[in-house]
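Report on the following structure.
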Amino acid sequence: MDRPAAAAAAGCEGGGGPNPGPAGGRRPPRAAGGATAGSRQPSVETLDSPTGSHVEWCKQLIAATISSQISGSVTSENVSRDYKALRDGNKLAQMEEAPLFPGESIKAIVKDVMYICPFMGAVSGTLTVTDFKLYFKNVERDPHFILDVPLGVISRVEKIGAQSHGDNSCGIEIVCKDMRNLRLAYKQEEQSKLGIFENLNKHAFPLSNGQALFAFSYKEKFPINGWKVYDPVSEYKRQGLPNESWKISKINSNYEFCDTYPAIIVVPTSVKDDDLSKVAAFRAKGRVPVLSWIHPESQATITRCSQPLVGPNDKRCKEDEKYLQTIMDANAQSHKLIIFDARQNSVADTNKTKGGGYESESAYPNAELVFLEIHNIHVMRESLRKLKEIVYPSIDEARWLSNVDGTHWLEYIRMLLAGAVRIADKIESGKTSVVVHCSDGWDRTAQLTSLAMLMLDSYYRTIKGFETLVEKEWISFGHRFALRVGHGNDNHADADRSPIFLQFVDCVWQMTRQFPSAFEFNELFLITILDHLYSCLFGTFLCNCEQQRFKEDVYTKTISLWSYINSQLDEFSNPFFVNYENHVLYPVASLSHLELWVNYYVRWNPRMRPQMPIHQNLKELLAVRAELQKRVEGLQREVATRAVSSSSERGSSPSHSATSVHTSV
């Protein structure tokens with residue numbers, strides 16, 4: 001199938017970078033905008049940052065507007081009629097219109113808009129706003145310059161105006177969630193006629209404007225149904241469950257037991273529903289300890305939950321204490337239970353004064369409590385903000401390392417990996433069951449359990465296994481994607497936003513760097529997942545929990561991201577992958593072994609892109625490997641045929657065993 005071109009990685013900054021997913025209609029590969037396109041405009045690399053002064057930028061907007069000699073635009077009344085005529089006449093190139101997805105519609109077209117690129121200078125072209133994307137194109141350059149941005153990645157839109165030389169000009173600054181910002185300039189009269197700013201706000205933030213996300217309008221057809229990738233019963237069966245110690249429970253089948261948990265959970269066999277309800281009353285949000293993963297040999301388990309509601313008076317719950325004892329007893333290899341609290345000890349103490357808390361060793365005598373000292377969502381959000389400041393639009397080469405260090409981003413990645421390694425080591429080497437929680441059990445808990453499971457279980461390092469891991473530990477167990485990402489919401493300052501899932505994927509990428517042959521998927525796979533975390537093209541990351549997804553008909557009215565990915569696995573496959581089953585990975589969680597993911601965080605800067613087309617080279621290697629495998633299979637068949645023929649000719653003569661060809665590619 002033809003691969004849809006990517007909006008999430010297109011344009012001046014990204015046109016020559018990775019192409020991680022669909023964000024426009026099916027179309028031939030497009031030329032990238034970059035330093036080689038057309039005549040170079042005056043550089044604007046010294047533009048203020050999005051948080052800096054707007055005065056200098058307004059001056060540049062005026063100059064850009066005057067120099068562009070803006071001549072006109074397409075009125076909103078003519079958009080649909082003109083588009084139909086051009087489509088029927090196959091004249092899309094004439095009007096520089098955007099290719100559309102099935103279900104996507106054009107909302108506004110404005111000609112002679114100026115895109116102020118921080119790397120190439122000002123570029124004049126046609127701006128198209130649809131209900132899914134912002135599409136800017138200049139056909140005068142060779143190759144054509146294209147900026148293709150899903151509206152879902154937009155965090156906020158700011159309008160700026162100025163007057164000079166009697167010529168009104170407008171500017172729009174678009175702050176994105178994927179480490180870039182965009183600046184556009186056009187005549188004031190065009191804004192008045194077409195409402196560019198209003199159109200962008202309306203369709204970039206549909207939920208704030210009483211509309212549905214575009215994923216509910218997207219009508220692409222794929223040969224594979226990605227919603228069938230994860231089946232909880234099948235996944236637990238793969239792990240050997242149920243068994244004598246653990247049962248698959250449907251106590252939450254109607255989401256009344258815990259509204260943020262999945263319908264199907266695994267709990268100790270001996271625990272009665274009444275006792276389970278009492279445990280739920282003692283755990284924040286009713287998120288009781290439930291099984292995530294079980295070791296196939298030792299039966300040591302990873303269970304996840306939320307904090308106990310101990311409070312300042314050290315409240316106890318005998319059912320909860322007995323419940324954790326039952327979890328420990330289910331593993332005959334150890335007489336101890338390790339409780340990993342992801343939080344900082346001081347923060348957990350503060351939570352205790354507010355009614356939360358942690359398990360005391362006096363109430364849980366066979367448990368050992370370990371604080372992993374990982375910071376909260378607000379600290380992580382601020383760290384990413386600092387990182388964006390140093391990677392876009394310009395990079396201070398002289399202070400690069402110290403600037404990266406100052407964001408603490410890699411330090412927080414290190415802490416997550418170190419915590420997950422400790423969990424995996426207790427399970428694998430210590431044969432000890434562990435309980436993992438933070439405050440509510442849907443942020444740091446998901447990071448730690450999924451990373452530990454990735455280290456312990458080679459299945460999760462395959463493409464479909466990783467999809468299962470994300471569906472299970474993140475989506476079904478209630479990571480609040482809608483709140484953490486802010487899908488379709490214009491409240492960019494919402495304190496609930498945080499790059500929790502991004503950190504997890506970054507940790508996975510760090511592991512692929514340390515174990516390049518241990519993962520079936522490649523870097524493009526991870527970037528594609530992150531791009532569509534924001535794009536709102538697919539339904540995979542919408543809503544906050546499983547119950548909400550059913551209420552919103554996400555599974556029936558939207559398409560899964562895995563439908564797209566699994567329909568073209570070669571694009572996302574690692575040619576160096578070797579499937580070592582039962583092989584545990586222990587990544588080195590040291591800053592000396594970690595690096596900033598430049599191909600993701602700095603991909604919009606054309607000067608930071610790798611000189612070699614890595615993705616194309618990987619595809620070629622996959623083709624070579626497939627050809628070599630065919631040749632090996634052919635040789636094996638030839639050897640087998642000769643052996644049979646030789647045996648027949650000798651008849652009753654003593655048999656000679658043929659030597660098999662054993663070749664690994």
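Using the three backbone atoms N, Cα and C, a Cβ is placed for every residue, glycine included.
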Report which of Ser43, Ser360, Ser647, Ser657 appears in Swiss-Prot with the annotation phosphoserine.
Ser43
Sequence-distant neighbours of Trp442 (phosphate binding site) in its chain (C-beta under 8 A, six or more apart):
Thr260, Arg287, Phe477, Gly478, His479, Arg480
How do the residues of the domain 'GRAM' (90-161) split into helix, strand and coil according to DSSP?
7 helix, 42 strand, 23 coil
Can you give me the residues near the recorded phosphate site, meaning same chain, not Ser439, Gly441, Trp442, Asp443, Arg444 themselves, Cβ no more than 8 Å from the center of the site's Cβ atoms?
Ser306, Ala342, His437, Cys438, Asp440, Thr445, Ala446
Cβ neighbour count within 10 Å of Gly441 (phosphate binding site):
28
How many Å separate the Cα atoms of Cys438 (active site, phosphocysteine intermediate) and Arg444 (phosphate binding site)?
6
